[in-house]
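Novice: Can you keep this structure in mind? I'll have questions shortly.
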Amino acid sequence: MQSIYLAIIRPLELLIEFFFIFFDKSFDNYGLAIVGISLVINLLALPLYHVAETLQRKERDVRMHLSSGISRIKETFKGDEQYMILSTFYKQNHYHPAYALRSSVSLLIQVPFFIAAYNFLSNLAQLQGVSFFFIPNLGAPDGMLTVGNLSVNVLPVVMTLINIIAGAIYTKGFPLRDKIQLYAMALLFLVLLYTSPAGLVLYWTLNNLFSLVKNIFYRLKHPLPVLYGIAVVGTIGLALAIWIVHPTLSLSNRIVFIAGCLFVVLIPFLLKLGNKLFQRFLTEFANEDRVRNTLFLASGILLFLMHGLVIPANLISSSTIEFAFSGTVTNPLAYIGHTATVFFGLWVVWPLFIYAMAKRPMKAILSVLLMILSLSSLVNLFFFTGEYGIVSTLLQFENPTLLEASPSMMVLPFVIALVLAVVLLYVVRCRKAGWLESLMMILALGSLASGLFQCVTIQREYREYTENIALADAGVTETGTIKPVFQLSKTGKNVVFIFLDRAMSSFFPIILEDLPQLQDQLKGFVYYPNTVSFGNNTIHGSPAMMGGYEYTPDAMNERTGEKLVDKHNEALLVMPRLFLDQGHSVTITNPPYSNYKWEADFTPFSPYPEMKVMHHHGKYAVQYKKEHADVLDWDPSYESELIKKRLPIFAIFKTSFPLIRRTLYEEGQYFQKVEKPQSTDGFIDAYAQLYYLNDLTTLVQEGNAFITISNDTPHQPVFLQSPEYEPQSVVTDASTPLDEIEGIRSIDRTHYQVNAASLKRLGIWFSYLQELGVYDNTRIIIVADHGHELYAEGMKDFKSDGRINNRYVPLLLVKDFYSEGPIVADYSFMTNADAPLFALKDVIENPTNPATRKNVYDEVKKDIVNVYTGPWDPRENTGEVFKHDLSFSFSVHDDIFIESNWGPVQH
């Protein structure tokens, strides 16, 4: 049964999930996403329903034509004589009683679509508590009408009424038998869906509404022009809406959207072109049943073998051990079996079903289209592979920027596909389709041999691994999946620059008392409490933090004629380029808003291949959850289920045109919603990097190193288990030292806990560096890009709300080479733009900004500092200068804990 489900239902689930995520990403609204998938699925299934209704109409007409003769025979004859005469009557009229099943084809088509939608929407945790217009909760029965103590679900009733109305229009003039069948189905769905989540009922209600509109269209004189007009307006409107909501779409995504719109607009032209091509090339081919059928089947099998066997086998064989014992899967061949079954359904079962229902001309077209698709997929797989770097077991690339197709990779694959189509049509027209039979057979057998060879390799490596696993330490095996990336020199100078997003300076003294071990772990550090940031968000505060005083908001605004994104990228490169030119090894993780993208766009660093730039956010979350499954409400099968879910999309990704690969990748999510959302998920995505810092660290004997670690843990406020400050699904103690302070809010407490958790993990790492003997020869800077509206002891007596000022107060800690002794506080007036100056001091002689050729120390200006608030979203900062909200911006100088030192912005 599992195999049948994977082959028939799972492909439909993937389709539903793909479009659900697409519409959710487009409009950030689950209700609209449900509307979108209903519309798309119905449009895609419309040709099937049309063929099914044609068969039903044929069956109904034949039955009505024969009904009088059948009635006379049944009235006149009985028993065996009646059976024999009826059989003869059927043969004379080329009819068989089994043909009556044709009237149920439409129902048979609905069943798998219903099961797929039911499985997806009824188990979608994201719908819980989400309202949509008049529906209070898409994740539960609507219960919109209450009569006394009785709660009535209104939506299923509305669904049934629409279904009955649609059926009444459709069955007008039909025999009673057909009407009863439709009305009975409407009542059956009422019973099945009455207690279902409102999101599922909404989906099926919209399906019935679509059916109603379709039946009305069938009764129009000219339905196709009207339908075409609606499709054009709807498609262009949808594309414009997405463009407005997402103005910073990548070039490849824009091209995909434009191509989709053009396809809909050009449908009449394409249909005429298709008809001409058929008349010229495929007329005779349509009548060659054996060759046509063989080519269709061979093309489907080739696609099945490519996606279901070759691609997953090549992927897994590249690192068999990493895929072994992942989640609840031990032998990685299970992933191949799962993926192969899905694609057997997608490329063999469903296509054969559609092919069987089609007429000869359409069969010829389908056969040629599937050939073109299979051969172009093969070309994309082996000739346009792309150099995308390392992919993890969760199918995430280290540098997703590489997925952006070059101009040649955008155009050339389409040209090749067009040439293939022309050649295939020419060969078919010349009645040489037998050549294509041989070619497709050879390619299919070659794919089978290649895939099986890789499977044998996987099985051999897995067997060797299992034979030796008993000799290995299980703990080592587990942590062995984390490869060290931070290389520290034993004898040279190491500079470690740690950026903690939203790390709060005001909490640091309290955390020191709360976690006294930090005094030893952070020995030699200087704490700068009198520090401000130039902005209250990352986009305003991080450029100066990374690049120095040339990248304050004022300095960036003075440089008109340059895009903000370019100046931001320039700031990110100041320290890495200076250290690289000095001969240091350079390692960077998660540079903030690189290329003004949320994450993982490392385009600014691509000219410098010597720099190791990595995406760590979320990379180690799965391993952390696996290791802490005893305290986290998390299914241990999560990893294996995620791989199973992503592999089919990854396989399609590999054979798709390079232009759409980044769209399919969808920031490493592959248009999948798998994991049940938890309050700790975002926190663990960031926290896991800090947790595994020891495992991520390795030593080299000589040389110098510069390492930047960017981490969002303080930016992910959740309640943690106290006093350990570690994530748990059920927190039994969430106490903090702030609890007794008057006016403390939950947001203060959660932020305190995540700040404490961050510093605790850094302290553990620093102890490890001390054990390794590389703490003394390592300079460490810990800095934040901004603060937040949280409690600050030094600002609690401000007449205005001191929390507002605290938005501009970031954490700044510095430990110099060979610095010793307890943590000390330095109340000098500082900004986070001083952080890169600390990093460069006495390591880079006369440090000159590689982009501006100015000495970074000559640009220091902090007698009076302007700090700004403004739009935090990169999509709202696409111009050349920042837009500021001066009502919440300040000029500040000297002692930030004196309220009078904060005033209106001065220029």
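Note: Cβ is positioned from N, Cα and C throughout, glycine not excepted.
Annotations in TrEMBL come from automatic prediction, not curation.
Dumping what TrEMBL says about this protein:
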type	residues	note
DOMAIN	30-218	domain 'Membrane insertase YidC/Oxa/ALB C-terminal'
DOMAIN	493-793	domain 'Sulfatase N-terminal'
TRANSMEM	7-23	transmembrane segment
TRANSMEM	29-51	transmembrane segment
TRANSMEM	124-140	transmembrane segment
TRANSMEM	152-170	transmembrane segment
TRANSMEM	182-206	transmembrane segment
TRANSMEM	226-245	transmembrane segment
TRANSMEM	251-273	transmembrane segment
TRANSMEM	294-315	transmembrane segment
TRANSMEM	335-357	transmembrane segment
TRANSMEM	364-385	transmembrane segment
TRANSMEM	405-428	transmembrane segment
TRANSMEM	435-453	transmembrane segment
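How buried are the listed features, and what sits near them?
Specialist: Under 8 Å from some Cβ of the transmembrane segment (29-51) lie the Cβ atoms of residues 15-16, 19-23, 106, 109, 113, 117, 121, 126-127, 130-133, 135, 138, 199, 202-203, 206-207, 210-211, 214, 354, 357-358, all in the same chain and six or more residues away from its ends.
Under 8 Å from some Cβ of the transmembrane segment (294-315) lie the Cβ atoms of residues 335-336, 339-344, 346-348, 351-352, 355, 363, 366-367, 370-371, 373-374, 377-378, 381, 391, 395, 433, 436-437, 440-441, 443-444, 447-448, 450-452, 454-455, 458, 647-648, 650-652, 654-655, all in the same chain and six or more residues away from its ends.
Sequence-distant contacts of the transmembrane segment (405-428) (same chain, six or more residues past either end, CB-CB distance under 8 Å): 252, 255, 277, 281-282, 285, 368, 371-372, 375-376, 379-380, 383-384, 386, 435-436, 657-659, 661-662.
Remote same-chain partners of the transmembrane segment (435-453), defined as residues 6 or more beyond its termini with a Cβ less than 8 Å from a stretch Cβ, comprise 291, 294-295, 298-299, 301-302, 305-306, 309-310, 313, 371, 374-375, 378, 424, 427-428.
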Novice: Please report, as numbers and ranges, the same-chain residues at least 6 past the borders of the transmembrane segment (182-206) whose CB is under 8 Å from any CB of it.
Specialist: 30-31, 34-35, 37-39, 107, 114, 117-118, 121-122, 124, 127, 132, 135-142, 153, 155-160, 162-164, 167, 170-171
Novice: Hey, which of 7-23, 124-140, 364-385 has the most Cβ-Cβ pairs under 8 Å against the transmembrane segment (335-357)?
Specialist: 7-23
Novice: On the 0 to 100 scale, where does the mean pLDDT of the domain 'Membrane insertase YidC/Oxa/ALB C-terminal' (30-218) fall?
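Specialist: Within the domain 'Membrane insertase YidC/Oxa/ALB C-terminal' (30-218), the model's average pLDDT equals 78.
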Novice: Against which stretches of its own chain does the transmembrane segment (124-140) lie, if we need a Cβ under 8 Å and a gap of at least six residues from its ends?
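Specialist: Same-chain residues near the transmembrane segment (124-140) but 6 or more away: 29-32, 34, 155, 197-199, 202, 673, 676-677.
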